[in-house]
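A quick write-up on the structure given underneath.
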C-alpha cells in the first residue's frame, strides 16, 4: 500500500531522517516509536507531502505521490494540534473536506458525531481536548482514506475518551481494511493496537518487526539477593526495570547467555523469568527512565 524508499530529510542543517525505508500493508496498524525529536512527526508530514524529502521516494500502490498529487486523496493526516480547524464548526469542516476527499461519507460522519455526542455548532477551538481528538478522528475516518496518519491521537485525553478513540480505530480497520500509521508515547496503546512496530533512532528506522516477535526477543528476570548488587548489575549495562529492597527486576535479550550467566553467578535467592511488555522493551533499547 504505502512504501517509503530510502527517505532522507534535514531541517535547519540537522539530519532528521536518513535512508528510511518502510512498507505498510492494507489493513495494518503500524506503530512508530522513538524519543521526542527522533523524527516521528517529520516522517508523517513527509508522507502527506506537507514537507518534502531531500531524497528518496514515497509510493502509494506503486504510484509516486510527489508526481501524482491526486493520490493524496487516499491519505489523511491527523496532527497533535490542528490550528487550521480552529475557526470552523463541524459542518464547515465537512464542507471543506468534501472538496478534498471525494469519498467523504457525510452520513457516517453524522452517525459518529451522534454516537460520541460531539457538539456540532461549536467551533473546533471551543471544544475540550478530548472532543477535539474525537472530532478529528471522525473527520479522518469519514474521509474514507486508505491510509490514516495519526500523531499522538490519545495525548491529553481522559481514560474514557481514550478508550472510545482506540475502539474507533480498531473498528475502522476491522470493517474497512484501512491502514493506520500511528505515533504515541502511550506504549500500552501501541501494544494493544499494532501489528508491527519500528523504532526511530539515530535518524534511522530500526527493529521493524512483529510486536509479538519483538517481545519474544527479551526476558524479564526478577531476583532477590542477600547483598546490594545494584552497582554490579549496572556495570554490566543490564537495564534495571525496578529495585525494591532486596528484589531486582532486569531485562536482557533471551539470546544473551553471557549476561544470564553473570546474574546467576551473583547467587540470587529468587529467580523468576517473566513475560515482558512493550514499555519494558523500549526502556531496554533506549536506556534509563523513559523521557519522551
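If you go along the chain as it appears here, the first residue is 1 and each next one adds 1.
Glycine is treated like the rest: Cβ placed from N, Cα and C.
Record features (Swiss-Prot):
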{"type": "DOMAIN", "residues": "2-227", "note": "domain 'ABC transporter'"}
{"type": "BINDING", "residues": "34, 35, 36, 37, 38, 39, 40, 41", "note": "ATP binding site"}
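Sequence features, as recorded in Swiss-Prot, placed on the structure.
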{"residue": "34", "record": "ATP binding site", "Cβ within 10 Å": "22"}
{"residue": "35", "record": "ATP binding site", "Cβ within 10 Å": "16"}
{"residue": "36", "record": "ATP binding site", "Cβ within 10 Å": "9"}
{"residue": "37", "record": "ATP binding site", "Cβ within 10 Å": "12"}
{"residue": "38", "record": "ATP binding site", "Cβ within 10 Å": "23"}
{"residue": "39", "record": "ATP binding site", "Cβ within 10 Å": "25"}
{"residue": "40", "record": "ATP binding site", "Cβ within 10 Å": "24"}
{"residue": "41", "record": "ATP binding site", "Cβ within 10 Å": "20"}
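Here the domain 'ABC transporter' (2-227) returns a mean pLDDT of 93 for the predicted model.
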